Amino acid sequence: MLWIMAVLPLVLAGPELNVRMQGTDSIFEGLELKRSVRETDNNCSEGLYQVGPFCCQPCQPGERKVKDCTTSGGAPTCHPCTEGEEYTDRKHYSDKCRRCAFCDEGHGLEVETNCTRTQNTKCRCKENFYCNASLCDHCYHCTSCGLEDILEPCTRTSNTKCKKQSSNYKLLWLLILPGLAILFVFIYKRYRKRQPGDPESGIPSPESVPMNVSDVNLNKYIWRTAEKMKICDAKKFARQHKIPESKIDEIEHNSPQDAAEQKIQLLQCWYQSHGKTGACQALIQGLRKANRCDIAEEIQAMVWEDHENSISNSRNENEGQSLE
(Lines of atoms letter the chains of each structure in order from A; the text may use other names.)
(Lines give C-alpha, C1' and ligand atoms only; values in the text may rest on other atoms or scores of the structure.)
Protein backbone atom coordinates (compact mmCIF):
# COMPACT_ATOMS: atom_id res chain seq x y z
CA MET A 1 0.00 0.00 0.00
CA LEU A 2 2.86 2.35 0.83
CA TRP A 3 4.57 1.79 -2.54
CA ILE A 4 1.37 2.70 -4.41
CA MET A 5 1.23 6.07 -2.62
CA ALA A 6 4.90 6.73 -3.45
CA VAL A 7 4.55 5.94 -7.16
CA LEU A 8 1.21 7.72 -7.75
CA PRO A 9 2.62 11.36 -7.65
CA LEU A 10 5.27 10.44 -10.20
CA VAL A 11 2.66 8.99 -12.56
CA LEU A 12 0.48 12.10 -12.28
CA ALA A 13 3.44 14.50 -12.75
CA GLY A 14 4.79 12.69 -15.78
CA PRO A 15 3.04 14.69 -18.56
CA GLU A 16 3.72 18.04 -16.87
CA LEU A 17 7.39 17.18 -16.35
CA ASN A 18 7.68 16.19 -20.02
CA VAL A 19 6.12 19.51 -21.16
CA ARG A 20 8.52 21.52 -18.99
CA MET A 21 11.53 19.72 -20.43
CA GLN A 22 10.25 20.25 -23.98
CA GLY A 23 9.78 23.97 -23.23
CA THR A 24 13.32 24.18 -21.87
CA ASP A 25 14.65 22.49 -25.01
CA SER A 26 12.77 25.04 -27.17
CA ILE A 27 14.31 27.93 -25.23
CA PHE A 28 17.81 26.54 -25.73
CA GLU A 29 17.11 26.06 -29.46
CA GLY A 30 15.91 29.71 -29.69
CA LEU A 31 19.05 30.97 -27.97
CA GLU A 32 21.24 28.98 -30.35
CA LEU A 33 19.31 30.39 -33.34
CA LYS A 34 19.71 33.97 -32.10
CA ARG A 35 23.40 33.40 -31.47
CA SER A 36 23.79 32.05 -35.02
CA VAL A 37 21.94 35.03 -36.53
CA ARG A 38 24.01 37.47 -34.49
CA GLU A 39 27.21 35.89 -35.72
CA THR A 40 26.14 36.16 -39.38
CA ASP A 41 24.87 39.75 -39.05
CA ASN A 42 28.38 41.24 -38.74
CA ASN A 43 31.06 39.39 -40.65
CA CYS A 44 33.50 42.33 -40.76
CA SER A 45 36.22 43.12 -38.28
CA GLU A 46 35.95 46.23 -36.16
CA GLY A 47 36.66 49.38 -38.17
CA LEU A 48 35.56 47.88 -41.51
CA TYR A 49 32.20 48.27 -43.24
CA GLN A 50 30.38 45.71 -45.36
CA VAL A 51 29.53 46.28 -49.02
CA GLY A 52 27.95 43.16 -50.49
CA PRO A 53 30.35 40.28 -49.85
CA PHE A 54 33.33 42.56 -49.11
CA CYS A 55 34.58 44.21 -45.93
CA CYS A 56 36.04 47.60 -46.89
CA GLN A 57 38.43 49.91 -45.09
CA PRO A 58 37.26 53.48 -44.31
CA CYS A 59 38.51 56.67 -45.97
CA GLN A 60 41.13 58.63 -44.04
CA PRO A 61 40.56 62.08 -42.46
CA GLY A 62 40.53 64.78 -45.14
CA GLU A 63 38.98 62.48 -47.76
CA ARG A 64 35.56 61.42 -49.04
CA LYS A 65 34.51 58.08 -50.53
CA VAL A 66 34.09 57.95 -54.31
CA LYS A 67 33.83 54.18 -54.88
CA ASP A 68 33.58 51.14 -52.58
CA CYS A 69 36.32 48.52 -52.45
CA THR A 70 36.21 45.50 -54.79
CA THR A 71 38.10 43.02 -52.60
CA SER A 72 37.57 42.03 -49.00
CA GLY A 73 39.82 44.06 -46.74
CA GLY A 74 40.60 46.46 -49.55
CA ALA A 75 40.53 50.24 -49.49
CA PRO A 76 37.80 52.23 -51.26
CA THR A 77 38.56 54.93 -53.81
CA CYS A 78 38.76 58.20 -51.85
CA HIS A 79 39.29 61.78 -53.06
CA PRO A 80 40.59 64.67 -50.93
CA CYS A 81 38.19 67.31 -49.60
CA THR A 82 38.48 70.84 -51.04
CA GLU A 83 41.14 72.69 -49.03
CA GLY A 84 39.74 75.66 -47.11
CA GLU A 85 36.12 74.76 -47.91
CA GLU A 86 35.52 71.19 -46.68
CA TYR A 87 36.95 68.78 -44.12
CA THR A 88 36.60 65.42 -42.37
CA ASP A 89 38.35 64.98 -39.04
CA ARG A 90 38.12 61.20 -38.61
CA LYS A 91 38.00 57.91 -40.53
CA HIS A 92 34.60 57.42 -42.15
CA TYR A 93 32.57 55.75 -44.91
CA SER A 94 30.68 58.84 -46.20
CA ASP A 95 30.75 60.08 -49.78
CA LYS A 96 30.63 63.72 -48.62
CA CYS A 97 32.95 66.07 -46.76
CA ARG A 98 31.70 68.50 -44.14
CA ARG A 99 31.51 72.22 -44.99
CA CYS A 100 33.93 74.47 -43.10
CA ALA A 101 32.40 76.75 -40.47
CA PHE A 102 32.21 80.53 -41.03
CA CYS A 103 33.24 83.04 -38.34
CA ASP A 104 30.74 85.91 -38.73
CA GLU A 105 32.36 89.24 -37.86
CA GLY A 106 28.88 90.74 -37.54
CA HIS A 107 28.38 88.48 -34.53
CA GLY A 108 31.70 89.45 -32.95
CA LEU A 109 33.65 86.40 -34.16
CA GLU A 110 37.03 86.04 -35.84
CA VAL A 111 39.10 83.11 -37.14
CA GLU A 112 41.44 81.53 -34.60
CA THR A 113 42.52 78.59 -36.79
CA ASN A 114 41.82 78.32 -40.51
CA CYS A 115 39.94 75.32 -41.88
CA THR A 116 42.04 72.51 -43.35
CA ARG A 117 41.07 69.23 -45.00
CA THR A 118 41.31 67.47 -41.61
CA GLN A 119 40.15 70.18 -39.21
CA ASN A 120 37.18 72.55 -39.08
CA THR A 121 37.54 76.31 -38.68
CA LYS A 122 38.04 77.42 -35.08
CA CYS A 123 36.37 80.71 -34.19
CA ARG A 124 36.89 82.96 -31.20
CA CYS A 125 35.54 86.28 -29.98
CA LYS A 126 37.13 89.44 -31.38
CA GLU A 127 38.90 91.91 -29.13
CA ASN A 128 36.48 93.69 -26.76
CA PHE A 129 33.95 90.87 -27.25
CA TYR A 130 33.22 87.88 -25.02
CA CYS A 131 31.15 84.68 -24.81
CA ASN A 132 30.85 82.58 -21.65
CA ALA A 133 28.97 79.63 -23.21
CA SER A 134 30.55 76.28 -24.11
CA LEU A 135 29.48 76.66 -27.78
CA CYS A 136 29.56 80.23 -29.06
CA ASP A 137 27.89 81.40 -32.28
CA HIS A 138 27.50 84.99 -31.06
CA CYS A 139 29.85 87.16 -28.96
CA TYR A 140 28.79 90.22 -26.97
CA HIS A 141 30.40 93.61 -26.46
CA CYS A 142 32.41 93.87 -23.25
CA THR A 143 30.86 96.10 -20.61
CA SER A 144 32.52 99.48 -20.13
CA CYS A 145 32.91 100.49 -16.49
CA GLY A 146 33.00 104.21 -17.30
CA LEU A 147 34.00 106.08 -14.15
CA GLU A 148 33.96 102.89 -12.09
CA ASP A 149 37.09 100.92 -11.25
CA ILE A 150 37.67 97.67 -13.12
CA LEU A 151 37.81 94.63 -10.82
CA GLU A 152 38.41 92.10 -13.62
CA PRO A 153 39.12 93.06 -17.25
CA CYS A 154 37.09 91.58 -20.08
CA THR A 155 38.44 88.41 -21.73
CA ARG A 156 37.18 86.34 -24.64
CA THR A 157 35.35 84.07 -22.18
CA SER A 158 34.16 86.49 -19.47
CA ASN A 159 32.69 89.98 -19.26
CA THR A 160 34.21 92.95 -17.45
CA LYS A 161 33.57 93.14 -13.71
CA CYS A 162 33.20 96.68 -12.38
CA LYS A 163 33.46 98.02 -8.87
CA LYS A 164 30.17 99.48 -7.69
CA GLN A 165 30.05 103.24 -7.41
CA SER A 166 29.73 104.99 -4.08
CA SER A 167 26.76 107.27 -3.39
CA ASN A 168 28.93 110.31 -4.29
CA TYR A 169 29.48 108.94 -7.81
CA LYS A 170 25.76 108.32 -8.21
CA LEU A 171 25.04 111.92 -7.22
CA LEU A 172 27.64 113.11 -9.74
CA TRP A 173 25.98 111.13 -12.51
CA LEU A 174 22.59 112.60 -11.60
CA LEU A 175 24.08 116.05 -12.17
CA ILE A 176 25.87 115.11 -15.41
CA LEU A 177 23.12 113.15 -17.17
CA PRO A 178 20.75 116.11 -17.79
CA GLY A 179 23.60 118.04 -19.40
CA LEU A 180 24.46 115.06 -21.61
CA ALA A 181 20.81 114.75 -22.64
CA ILE A 182 20.70 118.41 -23.70
CA LEU A 183 23.96 118.00 -25.63
CA PHE A 184 22.62 114.92 -27.40
CA VAL A 185 19.43 116.73 -28.48
CA PHE A 186 21.51 119.65 -29.80
CA ILE A 187 23.81 117.37 -31.83
CA TYR A 188 20.87 115.36 -33.14
CA LYS A 189 19.09 118.48 -34.42
CA ARG A 190 22.29 119.67 -36.11
CA TYR A 191 22.68 116.27 -37.73
CA ARG A 192 19.08 116.23 -39.00
CA LYS A 193 19.64 119.58 -40.68
CA ARG A 194 22.52 118.11 -42.70
CA GLN A 195 20.70 115.05 -44.05
CA PRO A 196 21.22 114.11 -47.70
CA GLY A 197 19.52 116.69 -49.88
CA ASP A 198 20.90 119.62 -47.89
CA PRO A 199 23.10 121.72 -50.24
CA GLU A 200 25.79 121.98 -47.55
CA SER A 201 26.06 118.23 -47.11
CA GLY A 202 27.22 117.62 -50.70
CA ILE A 203 25.15 114.40 -50.90
CA PRO A 204 21.86 114.42 -52.85
CA SER A 205 18.70 112.89 -51.40
CA PRO A 206 17.45 109.65 -52.98
CA GLU A 207 14.57 111.58 -54.58
CA SER A 208 16.98 114.06 -56.22
CA VAL A 209 19.38 111.48 -57.67
CA PRO A 210 19.53 111.95 -61.47
CA MET A 211 18.10 109.18 -63.63
CA ASN A 212 21.52 108.15 -64.99
CA VAL A 213 22.74 107.66 -61.39
CA SER A 214 19.49 106.07 -60.22
CA ASP A 215 19.85 103.41 -62.95
CA VAL A 216 23.50 102.64 -62.20
CA ASN A 217 24.60 98.98 -62.27
CA LEU A 218 24.55 97.87 -58.60
CA ASN A 219 26.52 94.63 -59.02
CA LYS A 220 29.77 96.33 -57.88
CA TYR A 221 28.00 97.69 -54.77
CA ILE A 222 26.10 94.53 -53.75
CA TRP A 223 29.02 92.89 -51.93
CA ARG A 224 29.94 96.17 -50.18
CA THR A 225 26.37 96.54 -48.96
CA ALA A 226 26.22 92.90 -47.81
CA GLU A 227 29.56 93.23 -46.02
CA LYS A 228 28.20 96.02 -43.81
CA MET A 229 24.83 94.36 -43.07
CA LYS A 230 23.99 91.72 -40.52
CA ILE A 231 22.20 88.60 -41.74
CA CYS A 232 19.04 89.72 -39.90
CA ASP A 233 19.19 93.09 -41.75
CA ALA A 234 19.52 91.34 -45.13
CA LYS A 235 16.54 89.07 -44.41
CA LYS A 236 14.46 92.04 -43.23
CA PHE A 237 15.35 93.95 -46.43
CA ALA A 238 14.40 90.93 -48.58
CA ARG A 239 11.04 90.48 -46.84
CA GLN A 240 10.24 94.20 -47.17
CA HIS A 241 10.75 93.86 -50.93
CA LYS A 242 8.44 90.82 -51.25
CA ILE A 243 11.12 88.17 -51.73
CA PRO A 244 9.25 84.84 -51.08
CA GLU A 245 9.96 83.15 -47.76
CA SER A 246 10.66 79.92 -49.67
CA LYS A 247 13.46 81.68 -51.61
CA ILE A 248 14.96 83.04 -48.37
CA ASP A 249 14.91 79.52 -46.88
CA GLU A 250 16.50 78.11 -50.06
CA ILE A 251 19.37 80.61 -49.87
CA GLU A 252 19.92 79.78 -46.19
CA HIS A 253 19.84 76.02 -46.97
CA ASN A 254 22.39 76.37 -49.80
CA SER A 255 24.94 78.12 -47.53
CA PRO A 256 24.04 77.00 -43.97
CA GLN A 257 27.35 78.03 -42.37
CA ASP A 258 28.19 81.03 -44.57
CA ALA A 259 26.26 84.13 -43.45
CA ALA A 260 28.32 86.37 -45.77
CA GLU A 261 27.30 84.35 -48.83
CA GLN A 262 23.65 84.35 -47.68
CA LYS A 263 23.64 88.17 -47.46
CA ILE A 264 25.08 88.53 -50.98
CA GLN A 265 22.61 86.02 -52.45
CA LEU A 266 19.64 87.76 -50.76
CA LEU A 267 20.62 91.15 -52.20
CA GLN A 268 21.33 89.68 -55.65
CA CYS A 269 17.94 87.93 -55.60
CA TRP A 270 16.25 91.27 -54.86
CA TYR A 271 18.27 93.05 -57.60
CA GLN A 272 17.34 90.43 -60.20
CA SER A 273 13.64 90.63 -59.32
CA HIS A 274 13.63 94.46 -59.22
CA GLY A 275 15.66 95.15 -62.34
CA LYS A 276 18.23 97.88 -63.03
CA THR A 277 15.77 100.76 -63.45
CA GLY A 278 15.41 102.69 -60.19
CA ALA A 279 17.28 99.99 -58.25
CA CYS A 280 19.80 102.40 -56.70
CA GLN A 281 17.07 104.62 -55.29
CA ALA A 282 15.09 101.57 -54.09
CA LEU A 283 18.17 100.14 -52.35
CA ILE A 284 18.91 103.39 -50.48
CA GLN A 285 15.28 103.88 -49.44
CA GLY A 286 15.02 100.23 -48.38
CA LEU A 287 18.10 100.52 -46.18
CA ARG A 288 16.62 103.61 -44.52
CA LYS A 289 13.36 101.78 -43.83
CA ALA A 290 15.41 98.95 -42.29
CA ASN A 291 16.97 101.54 -39.92
CA ARG A 292 20.38 101.24 -41.59
CA CYS A 293 20.80 104.90 -42.58
CA ASP A 294 24.56 104.60 -42.06
CA ILE A 295 24.85 102.00 -44.83
CA ALA A 296 22.42 103.91 -47.07
CA GLU A 297 24.47 107.12 -46.85
CA GLU A 298 27.75 105.30 -47.43
CA ILE A 299 26.48 103.47 -50.54
CA GLN A 300 24.86 106.67 -51.83
CA ALA A 301 28.12 108.58 -51.35
CA MET A 302 30.09 105.90 -53.24
CA VAL A 303 27.60 105.89 -56.13
CA TRP A 304 27.63 109.69 -56.31
CA GLU A 305 31.44 109.85 -56.16
CA ASP A 306 31.77 107.28 -58.97
CA HIS A 307 29.25 109.28 -61.00
CA GLU A 308 31.18 112.54 -60.49
CA ASN A 309 34.47 110.84 -61.38
CA SER A 310 32.90 109.42 -64.54
CA ILE A 311 31.72 112.90 -65.60
CA SER A 312 35.14 114.40 -64.84
CA ASN A 313 36.92 111.71 -66.87
CA SER A 314 34.58 112.28 -69.81
CA ARG A 315 35.28 116.02 -69.73
CA ASN A 316 39.04 115.44 -69.66
CA GLU A 317 38.79 113.11 -72.65
CA ASN A 318 36.71 115.64 -74.61
CA GLU A 319 39.16 118.45 -73.81
CA GLY A 320 42.08 116.27 -74.89
CA GLN A 321 40.39 115.47 -78.20
CA SER A 322 39.60 119.18 -78.86
CA LEU A 323 43.26 120.13 -78.31
CA GLU A 324 44.34 117.58 -80.88
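Including glycine, each Cβ sits where the backbone N, Cα and C put it.
Annotated features, as they stand in Swiss-Prot:
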- 1-21: signal peptide (SIGNAL)
- 22-171: topological domain 'Extracellular' (TOPO_DOM)
- ASN43: N-linked glycosylation site (CARBOHYD)
- 43-79: repeat 'TNFR-Cys 1' (REPEAT)
- ASN114: N-linked glycosylation site (CARBOHYD)
- 124-163: repeat 'TNFR-Cys 3' (REPEAT)
- ASN132: N-linked glycosylation site (CARBOHYD)
- 172-188: transmembrane segment (TRANSMEM)
- 201-306: region 'Interaction with HIPK3' (REGION)
- SER214: phosphoserine (MOD_RES)
- 219-243: region 'Interaction with CALM' (REGION)
- 219-303: domain 'Death' (DOMAIN)
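Note: ASN132 (N-linked glycosylation site) has non-local neighbours THR157, SER158, ASN159, i.e. same-chain residues 6+ apart with C-beta under 8 A of its own C-beta. Here the region 'Interaction with CALM' (219-243) has, by DSSP, the following mix of helix, strand and coil residues: 20 helix, 0 strand, 5 coil. Confidence over the topological domain 'Extracellular' (22-171), given as mean pLDDT on the 0 to 100 scale, stands at 83.
Panel annotation: around the repeat 'TNFR-Cys 1' (43-79), residues 86-97, 116-118 of the same chain, lying at least six beyond its termini, place a Cβ under 8 Å from a Cβ of the stretch. Residues in the repeat 'TNFR-Cys 3' (124-163) partition by DSSP class (helix H, G, I; strand E, B; coil) as 0 helix, 13 strand, 27 coil.
In the three-state DSSP scheme, ASN114 (N-linked glycosylation site) is classed as coil.
There are 11 other CB atoms within 10 A of the CB of ASN43 (N-linked glycosylation site), with all protein chains counted.
For the repeat 'TNFR-Cys 1' (43-79), the DSSP-based tally of helix, strand and coil residues reads 0 helix, 15 strand, 22 coil.
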